[in-house]
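Engineer: This structure is in structure tokens; I'll ask about it shortly.
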């Protein structure tokens, strides 16, 4: 069997690729593998707003109960709430049912260990081995030893209170727009900002099971960009479906991506003496403009492979406190063990208030190099063709020579979809756009 787990859990089209049977198997194997000691294990289960969440939750919970574990149902809460509440409630593990920013037909199952971290590859492989062994040695308790399901009604409130306490100021006097992507943040984000005194304007906070991420949220921020200007807001935030990431919009309606957010937060933490070793952890996809800006502030960058799990690994290795991705996954390790869209939004808003400057002013210290990202749809078994085909390899070398050190080519297979991402950076937008599309078309012609 191929590896079940991708870069962000098990993901696929719900009911064909990610079936109720697979969810049951993951619940049963996961509860068994992640339980330490002889006590009755407690596993938290949450979901985003997509229609398939009910089906997968029912199956997953059945699997958990079948090995005698307790399933604590959190309902619809953001992914980072699961990471936080797993620690807060002293659970053995947490599970989030979500496909994050993917369209509604997708769903996913992602595990957290008892410390709120995503699982290591070894633990994921251990879960898969149990499933492949047809649950050899896994108990099937009967009678009073079976597991029970319990609904935790305070989950959303507990997470929201935690997020609010990560900033030292209230937000009175600020006008803030939120795009909740019809996803998991539709209650918590609005409540947190209103409780802190902000004047809040909200769009896409009416999930119906089918409209998550649909032309909204961090993958489609255009509506929010217009809305911020229309309502005269100081800034806005767009979350993705499970709210583990967010992007910002300044008062002029300009999109502020994760690179700018990281620069802003790193610079502020350095100023107040809280940026460990003056170091920020980012991925190879971060813009070269971030390197230049951070150098000017005396901030060092550690770079990892793409994926917030690799950022987190680097952060925990050396106890760095801030890291993230251009896509808006930002990890504040002093507060949470995963990317947290609400915590990120609150940090940015509090910095804007503390500095008494507009978001556009605060971001003007960084200049982005033009960057083009083109997705080429490639079957999973052909994702490495860019490394193996001599014509593609030569084309990449030619582009790098043309860029002459001011720019770069980065090709990355997606860990969750049948895509290869072709990214070019350089000084001339039109030139790199043409080269990126040419390279993507060359890759497509070879499959």
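Using N, Cα and C of the backbone, Cβ positions are placed for all residues, glycine too.
Take a look at what Swiss-Prot says about it:
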type     : residues           : note
ACT_SITE : 100                : active site, phosphoserine intermediate
BINDING  : 100, 240, 242, 244 : Mg(2+) binding site
MOD_RES  : 100                : phosphoserine
Engineer: In the structure shown, which of the binding-site residues 242, 244 has the fewest other Cβ atoms within 10 Å?
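Structural biologist: Checked 242, 244; of these binding-site residues, fewest Cβ neighbours within 10 Å: 244.
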Engineer: Under 8 Å Cβ-Cβ from residue 100 (active site, phosphoserine intermediate), six or more apart in the same chain: what's there?
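Structural biologist: Residue 100 (active site, phosphoserine intermediate) has long-range Cβ partners 8, 79, 108, 240, 241, 242, 244, 245.
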Engineer: What are the other residues, in sequence order, whose C-beta lies within 8 angstroms of the center of the C-beta atoms of 100, 240, 242, 244 at the Mg(2+) site?
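Structural biologist: Other same-chain residues with Cβ inside the cutoff are 48, 78, 79, 98, 101, 183, 184, 239, 241, 243, 245, 339, 341.
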